[in-house]
Every structure is written in C-alpha cells, then in structure tokens.
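Notes follow once the structure below has been shown.
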Amino acid sequence: MRRPSAAVGAASGAAKRVRPASRGPGVLAAFRAPLRAPGRGHHCGPLGRAPGSGLQESGAARRGAGTMALRARALYDFRSENPGEISLREHEVLSLCSEQDIEGWLEGVNSRGDRGLFPASYVQVIRAPEPGPAGDGGPGASGAPARYANVPPGGFEPLPAAPPASFKPPPDAFQPLLQPQQAPPPSTFHPPGAGFPYGGGALQPSPQQLYGGGYQASQGSDDDWDDEWDDSSTVADEPGALGSGTYPDLDGSSSGGVGAAGRYRLSTRSDLSLGSRGGSVPPQHHPSGAKSSATVSRNLNRFSTFVKSGGEAFVLGEASGFVKDGDKLCVVLGPYGPEWQENPYPFQCTIDDPTKQTKFKGMKSYISYKLVPTHTQVPVHRRYKHFDWLYARLAEKFPVISVPHLPEKQATGRFEEDFISKRRKGLIWWMNHMASHPVLAQCDVFQHFLTCPSSTDEKAWKQGKRKAEKDEMVGANFFLTLSTPPAAALDLQEVESKIDGFKCFTKKMDDSALQLNHTANEFARKQVTGFKKEYQKVGQSFRGLSQAFELDQQAFSAGLNQAIAFTGDAYDAIGELFAEQPRQDLDPVMDLLALYQGHLANFPDIIHVQKGALTKVKESRRHVEEGKMEVQKADGIQDRCNTISFATLAEIHHFHQIRVRDFKSQMQHFLQQQIIFFQKVTQKLEEALHKYDSV
C-alpha cells in the first residue's frame with residue numbers, strides 16, 4: 001500500500017509546533033482499523049473517509065462528533081500533507097475521539113466535518129464537556145475512558161461515530177482493490193494529487209495509491225507547470241487510452257466480447273497468502289490448523305522504501321493485475337549471473353540547438369531542446385519540465401531500477417549561456433544512460449517522450465501523458481511484470497553476500513567520487529584564476545625586461561629585445577590556455593561524477609527492497625520450523641523474493657557494465673585532452689625559442 005513520506009520538520013514559532021516525525025505502526029493500525037472496508041484486509045480507504053462517503057462527513061457523523069465529551073482548540077495552523085490527516089486553523093474548535101495521543105498524533109473532527117489525524121502539540125484540550133443534542137445519545141459529562149489505553153494486540157475498537165441508519169454504500173464501493181476489469185468512468189477520474197486521493201464513492205484507488213512508489217515530482221521555480229502542459233483535459237479517456245477500455249476476464253474474454261490475446265491476469269494471491277482482499281471473510285476468521293495460525297508480520301515502519309515501493313505487498317502475495325506480453329521485463333542468466341535481456345533494437349538520441357522561446361505574448365520564457373532519436377530520425381522539441389515529468393514517471397514505476405538523476409534546477413540565471421551549455425551536457429549524459437538501459441529504453445512512456453511531436457500533435461501528446469499517469473503496473477504490480485529464468489533457483493545466502501559486497505562497493509565509490517570531484521573542482525578553479533594570473537605575471541615581467549633593454553638603443557640588441565617580448569606574450573597565451581582547459585578535460589569528468597553520484601544515491605533504496613524481501617523469507621522459514629506455517633506458503637514467499645533478487649542482481653550487473661564503459665571512455669578523453677593541452681603549451685614555448693635563433 002502506498003504510504004506518504006515521513007513528515008519531518010518544525011514550523012517557525014514556538015517549540016511546541018514541531019510536527020511528529022512519523023506515524024508509527026501503532027498509530028496507523030489504531031486509526032485504520034475502524035475504517036476498513038469489508039474484504040479489503042489492511043488496504044482500506046483514506047483515514048477518516050468511509051468508501052462512498054465523498055469528501056465530507058455525513059450529517060449523522062457530524063452530529064455524532066458534536067456529542068463527543070472531548071474538545072480541543074487549535075493553537076496554530078496545520079496543513080495536512082498525507083492521506084488521513086486533516087488541516088487545522090488557528091483558534092478552531094475540534095471534536096476529539098480521545099484525549100490520549102499515540103506517538104504524538106490525535107484523531108478528531110474539525111469544524112468543516114473532516115475527520116482524521118493531526119499533531120497533538122498543535123492543539124490544547126478543552127476539558128469542559130460539550131453536551132450533544134437531545135436524543136442523540138451523546139456521552140455524558142463524565143466522559144469515557146481513554147480509547148487508546150491498553151491497546152489489544154489485534155488492533156483497536158471501531159470509533160463510536162457511525163453512519164446514519166439510512167446509509168447504504170454504493171454497490172461498487174467495497175469492490176476488491178485492483179479489479180482492472182471495471183475501469184472507473186472518465187467522469188469520476190481525478191488526477192493524482194488533485195484533492196483527496198479517494199474522493200468519489202465509486203472511484204477506486206489506483207495502484208499508485210495502493211502500493212505506489214515514493215517519488216514526489218520535484219517542485220521548483222525552474223520551468224513551472226502551466227495550463228498548456230497540465231490542464232484538466234481527459235483526452236486519455238478516449239477510445240484506445242488506458243482505463244477507457246474493458247479488460248478480459250480470467251478466461252481471456254472481455255465484457256465487450258472482444259478477445260485480448262497476449263494479455264494475462266497474474267496474481268500472487270492464494271488461499272495460503274496473508275488473506276485475500278477480495279474474500280468476504282477476514283483473514284483472521286479463516287478456519288485453519290496450527291500451521292496456518294502464523295503469518296509473516298508487516299514492517300513496523302510503514303514509510304520504509306520496502307513498503308512504499310510495493311515490495312512488501314508483492315512478497316506477501318497481495319499483488320494482482322493484468323500483464324501484457326509487451327510489458328514483461330525479462331531477466332536472463334548471463335556469463336556473470338542474472339542480467340536484463342538486451343534491447344533488440346538499440347538506439348541513441350542527440351540533444352542539440354537549445355533555443356529560447358516565449359509564450360503568452362512574451363510573458364513566459366523557456367529553453368527548448370531538439371531531440372533526434374536514431375531509430376526514427378524525427379526531431380522533437382522538449383522543455384526541461386518534460387524531462388522532469390518523465391523522470392517522475394520512471395522513478396515511480398521502476399522501484400528496482402536506478403533511473404539517472406536529471407541535472408539540477410536553477411532559479412536564477414536560467415538563460416545564461418554557461419548554464420544552458422552545462423545543462424545540455426548533463427541532459428546528453430542522462431539520455432545516454434536512458435537509451436542504453438535495456439528496460440528503460442523500451443518503456444512506453446520513454447518512447448512516447450522521444451517520438452510524439454507535442455508541438456504539432458498536442459492531442460496525441462496529452463493522451464500518452466494521461467495514459468502514463470494512469471499506468472496500473474506500478475508499485476506491487478510492477479513486480480508481476482518481471483520474468484525470471486525458468487527453473488532457476490538462487491542461493492539466498494550467496495545473494496545476500498553479493499548484495500552486501502555491492503553495498504560496500506557503492507559506499508566506497510561514493511566517497512571516492514566525492515573526493516575526486518572536490519579535487520577536480522579545486523584544480524579547475526586554480527587553473528582558471530591562479531595559474532592564469534601567475535603565467536600572466538611571468539609574461540608581464542619578461543615584457544618589462546624587454547622594455548628596459550630597448551633603452552640601450554643598440555642595433556645589434558633589437559632582435560634580443562623582440563625575442564624576450566615574444567616570450568612574455570607566449571606566457572600570456574599559456575595562461576589563457578590554462579583558463580580554458582578545464583572545459584575540455586576536468587568539467588566532463590565532474591559531469592560524469594555527478595551522474596554517478598545520482599546512481600549511487602538510488603541504490604540504498606533498491607538494496608532496501610531486496611533486503612526487506614530476504615527478511616520476510618527468513619521469517620517464513622522460522623514459522624515453518626516452528627510448525628506454524630505451511631511449507632507451500634513459505635515457498636511462495638521465497639519464490640517472490642527470488643523474483644526481486646533476480647531483478648536487483650540484473651540491475652547491479654547493468655550498473656557495472658555502464659560504469660566500465662563510461663569511465664574508460666571518459667579517462668581516455670581526459671588524457672587525450674591533457675596531451676593536446678600540453679602540446680599547445682609546448683608549441684608556444686617552441687615558437688618563443690625559435691625567436692632567439694636570429695639574434
């Protein structure tokens with residue numbers, strides 16, 4: 001299930017305004033339990049929102065909240081950042097479900113009828129009881145005991161506030177999550193991030209909301225989004241777009257009567273998995289013997305990468321979706337172990353002609369880059385924000401693949417020549433790594449980015465954009481697309497050893513890259529300023545000597561005077577060569593180091609996903625040894641862990657391949673440029689030397 005990133009930070013002002021660092025498992029379990037939909041297990045709707053309830057509490061729920069004995073007054077403004085939280089306004093009076101906070105969070109209802117969590121340090125409890133309307137059945141003035149004292153291990157009791165007796169959920173409100181056979185109608189679709197995630201009663205959460213990755217699209221002043229790029233258009237809901245058609249049933253037929261060849265429903269769920277969300281009986285009520293009484297526990301940290309990436313849901317057998325043949329990502333066994341299957345149609349892409357363009361009658365300016373893929377030879381033009389959008393989609397979709405980082409944004413000086421040139425070089429490196437990755441290069445969204453002419457066919461561009469944003473094969477479903485070598489088993493101890501060795505390697509490489517980058521940057525600074533200045537001082541001193549000799553006015557010394565003056569000019573020219581040289585040799589090295597520092601920053605999360613899967617395998621084995629789990633269930637967990645391990649080892653192999661290729665090429669280029677540089681210096685000195693032959 002997708003979880004928001006941990007909220008960390010302190011608001012300006014009093015120390016009491018510090019936001020709790022995270023909502024621990026106890027808090028999540030406490031506030032999630034009363035809101036689960038039947039048959040959904042642990043994957044429920046947003047906190048404080050019953051399915052089908054819309055964005056506001058029902059009247060009865062508000063009346064129930066109004067009768068609570070506990071109230072609180074907001075001391076500061078608080079803006080909700082994650083699903084399940086509610087926003088507060090200073091001096092606002094709230095109704096509390098309990099006076100006792102759990103890990104710094106309270107639950108209650110604000111004045112707008114929104115129900116959810118908020119930091120306990122942001123409010124002051126009003127201990128005077130608030131009598132409810134007559135006949136409402138509100139609690140008395142004495143109040144009830146704290147709800148969250150002595151929490152039972154199985155969870156918390158449902159909250160007292162209940163929907164009215166006449167409340168009838170829509171027929172499809174409690175459908176199993178991940179039922180792509182019935183796509184939501186276009187009219188109920190809301191883009192991710194617009195309003196509450198599960199706003200409508202009939203709108204089911206997307207896989208990104210269930211298991212999705214933790215990537216948040218970067219926000220900055222550089223190339224801000226505008227209406228032309230990200231408007232309310234729903235062109236992707238037209239025929240042919242993802243989500244608008246019908247999916248085949250399990251027998252291969254679709255509701256429309258049209259066959260869908262090459263499309264298969266894959267699922268990691270079974271009667272032995274940790275409860276089926278589609279079942280009508282909660283997992284804890286399944287009749288079972290001693291071996292089925294134990295389950296592999298969930299991670300306590302619900303904000304970990306292993307959880308947010310969907311890895312935990314996949315390993316525990318909760319992923320289900322349709323996978324087309326074209327979506328399968330194949331891992332094969334090569335001479336050095338698992339590796340990605342090669343791209344049968346390799347290509348490259350050039351990035352040239354950065355040009356400044358304007359829109360809205362010159363009120364907005366931006367830089368456009370021309371991209372020419374070798375497999376189409378059709379140029380397309382892209383802005384930096386297009387690259388940024390593509391990166392967001394890829395980072396969300398591929399949790400075990402290192403998507404290269406884009407060049408950094410810059411708020412000021414975006415149109416300066418040096419910055420544009422530097423960004424273009426960074427984008428060239430980025431595109432080189434994208435096109436050389438066997439998986440990323442063939443990804444539909446990347447191909448759409450490279451081939452769709454957004455300037456001439458805006459409708460097709462937006463349709464592909466919406467399709468990518470509604471991709472269902474993300475999070476836990478992404479792992480369903482992985483195809484591993486048949487009948488190939490991995491030694492988990494050997495895998496763990498390789499992963500630990502690679503972890504040490506990345507740490508050492510990161511430290512070395514930082515050191516080399518610092519050294520190269522310092523040396524380049526000296527060349528541009530110090531060396532140039534020192535050589536020019538030497539040249540000026542030689543010219544001063546020549547001017548002194550000219551006072552002699554002897555005819556036979558004129559040649560010597562000219563030769564000394566030429567030597568001074570030669571040293572001035574050498575100083576200029578030093579100042580210009582870093583652009584040729586050191587800057588490309590630092591650009592490459594910056595790209596690889598981005599890769600190295602990605603791998604801790606990738607390794608964390610694989611380590612989390614190994615932990616689940618070890619736990620399942622322990623349950624088998626204790627006779628608390630059936631062997632078949634543990635084997636299923638191990639098989640899914642093997643899938644993640646195959647993909648992780650394949651990505652590590654690809655990283656080493658491109659590392660050897662890139663650093664070999666870059667070191668050759670560096671040394672060649674150094675040789676050319678010193679040849680130029682030698683040439684200047686030889687020219688000065690020959691001037692003395694005629695003296």
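Backbone N, Cα and C atoms are what each Cβ position is placed from, and that goes for glycine too.
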Per TrEMBL record, range annotated region 'Disordered' [choices 1-23, 438-460, 668-690]
1-23
Reported in the order helix, strand, coil, what are the DSSP residue counts of the domain 'PX' (347-457)?
45 helix, 25 strand, 41 coil
Would you list the DSSP helix, strand and coil counts for the residues of the domain 'SH3' (67-128)?
3 helix, 26 strand, 33 coil
